[in-house]
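Working notes, structure below.
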Amino acid sequence: MSATSNMRVFLPVLLAALLGMEQVHSLMCFSCTDQKNNINCLWPVSCQEKDHYCITLSAAAGFGNVNLGYTLNKGCSPICPSENVNLNLGVASVNSYCCQSSFCNFSAAGLGLRASIPLLGLGLLLSLLALLQLSP
């Protein structure tokens, strides 16, 4: 049997196999737990069939150049916990990001803005002045 004959048999069999295969779609996400930076959160995982979202959750606290803490979590989820939350309290922030395509959670969720030391000092000064004016 010649190579051409083998190809004539092989190609239709391959085509039939490909057309008959059930297409499997598995979401792939990056995953990590309680990490301090995004470089440690680039581990790819294959999500379970029930998972429809890649999620990124981050929380940070600090002011000025003082970092009081930061944590980053990524993974697969059957639900989006909340549609892209960015809660910024000045000295602390919580962020969540959901997406539905493979490896879409590559980036870390935003760190949020942290208050500057002069801004905190001004707020404290104005609060003290207001208290002094209100006292009898």
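Using the three backbone atoms N, Cα and C, a Cβ is placed for every residue, glycine included.
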CYS76, CYS80 - which one Swiss-Prot pairs with CYS98 by disulfide: CYS80
Per Swiss-Prot, the disulfide partner of CYS54, chosen from CYS29, CYS32: CYS29
Partner cysteine of CYS104 (disulphide bond, per Swiss-Prot) from CYS76, CYS99: CYS99
Candidate with sparsest Cβ neighbourhood (10 Å radius) among CYS41, CYS76, CYS99, ALA108, the listed recorded positions: CYS99
Rounded Cα-Cα span from CYS29 (disulfide bond) to CYS47 (disulfide bond), Å: 7
Minimum Cα separation from CYS98 (disulfide bond), reported as the residue among disulfide-bonded residues CYS32, CYS41, CYS54, CYS76, CYS104 that achieves it: CYS54
From CYS54, CYS76, CYS80, CYS99, CYS104, ALA108, the recorded positions whose CA lies within 10 Å of that of CYS41 (disulfide bond): ALA108
